[in-house]
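Copied from Swiss-Prot, the annotated features are:
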DOMAIN    3-198  domain 'tr-type G'
BINDING   D15, H16, G17, K18, T19, T20, N128, K129, I130, D131  GTP binding site
Amino acid sequence: MSLPIRNVAIIAHVDHGKTTLVDALLKQSGIFREGEDVPVCVMDSNDLERERGITILSKNTAVRYQDTLINIVDTPGHADFGGEVERVLGMVDGCVLIVDANEGPMPQTRFVLKKALEKGLRPLVVVNKIDRPRADPNTAVDKVFDLFVELGADDDQCDFTTLFASGLGGFAKESLDDDSEDMKPLFEAILHHVPPPAGDPNKPLQLQVTTLDYSDYLGRIIIGRIHNGTVKAGQQAALVKEDGSIAKGKVSKLLGFEGLNRIELPEASAGYIVAIAGFADANIGETLTCPDEPQALPLIKVDEPTLQMTFSVNDSPFAGQEGKFVTSRQIRDRLNRELETNVALRVEDGESAEQFLVSGRGELHLGILIETMRREGYEFQVAQPQVIYREVNGQPCEPVEYLVLDVPEAAVGACIERLGQRRGEMQDMQTSVNGRTQLEFVIPARGLLGFRGDFIRITRGEGIMNHSFLEYRPMSGDLETRYNGVMVAFEEGVATFYAMKNAEDRGVFFITPGTKVYKGMIIGEHNRPQDIELNVCKTKQLTNHRSATGDELVQLQAPEDMNLERALEYIGPDELVEITPESIRLRKVARKKLVKR
């Protein structure tokens, strides 16, 4: 007899409405009290997730529908967090693929769908945001089918069920002509199209650790699906480690999921997704099993990192003024702690005791780690991101990205020209009736470093850019990613309006008057290829004579906002980003002789 359980993952491209759709399922399942204030994107609990509107960490929740427990896992949509996606797909028996009715499949759709198909899952396709202007659900379905075929889906997978929905509107329907006003069709589709979990509750216990959590009261908590057997609170169990060794322990707490809460369970059997406390040394991919006859499950395979960055102790003239954790030991401990839960991350010792080589899946993956550490009070500096090269069949190869741009027609020529300079190869171009053009490129990952700033300028902020890792290909030769030099502060002090106004014609500033600067700090972009030193601390010589015209109202051009993401992609090989809880500064590594003004 099959268990009254369904384990399903929600997968999609970033910003196609996964979390909003899960919100609607939660609200309509009755888990919230009447009148309870429920925030938007209730599944995004992390501050960074709410600010950026993206899911970074996978989340588990469960709802009851017609006496069936539906475990729902909301996964990240960005390939940089693929380590999360790959792990959670091993916990489920089916998935819901969400596609925007206007945009159709995008680069990250390709990534998450490829992972699901490789796992043998049969996706249930939901075309979301059908109530938006410019929505074209039928075209979106055609593009999804083409993508299934392109990714090598078998006949059963290509024969997918399609629903049309609006997560914000809170409804789903089997056809566009239906008048459904709730999510019942989606609940029914999950029950009928997602198979019940396999597994034998009478076999020895096998649970694979897919996620780690931490509680001040319980310590480390392991989360995973029971593949076989039964687990009871208080029982003895064995943890099969990565190296094959066995660590025995006791299940001190057994928790299940209900809505957004965890509830205590006396026992759970094959098919359940549970959280267990009592195993302080557990790591992701290891197997919790029976101590009498331990049987390990295959370790989880995660794609290797494609980008690396050197983290080091801040040694700028302003070092130690704003951070709480500033030493190499504190930075090392924090990075090692991140390794416990961030399965796609790698940390190695650098060239000195104060440097660490951190590898990840992309700029966003490493950028989120840096921003998280910054908010926790850490102060450090990072060097220019570098792609990780590999040798394939004796030939040096580099990571290549699949890039999709949605731009105004007027910007098409400039985008194609700039990507050509970065060794991008155009694969397709489609123009829509609304005056926008979609461009598809294959481009080396290093060709994308620093491109986002150019792209924003070329499209005047009206372009949309998405990309994901495609494969490793033979090296495509040298390329230049930045065409302008930088303006560097000549001395330590406070930037003045007078000095900045006089130097305004030299380029674009990253700072405002009143900003503290030091010798070697990058304060702007020069409008010529070479770097230049500027004295932005110079003050106006006051006299007892008034100007004939009086002091006119003079304004400076607005500075370029150099946030963390922009700073990481902007810096060159001889530059660093200085990161503190209060500031993000750019600086030169070793000061060379520059053109002086």
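In case you wondered, yes, glycine gets a Cβ from its N, Cα and C as well.
Long-range neighbours of G17 (GTP binding site) (same chain, six or more residues apart, CB within less than 8 Å of its CB): I98, D100, N128, K129, G167, L168.
Neighbour counts of Cβ atoms within 10 Å were compared across the binding-site residues T19, N128; the minimum falls on T19. Mean pLDDT for the domain 'tr-type G' (3-198) in the predicted structure: 78. The C-beta environment of I130 (GTP binding site), restricted to residues of the same chain at least 6 apart in sequence and closer than 8 Å, consists of A101, P137, F164, A165, S166, L176.
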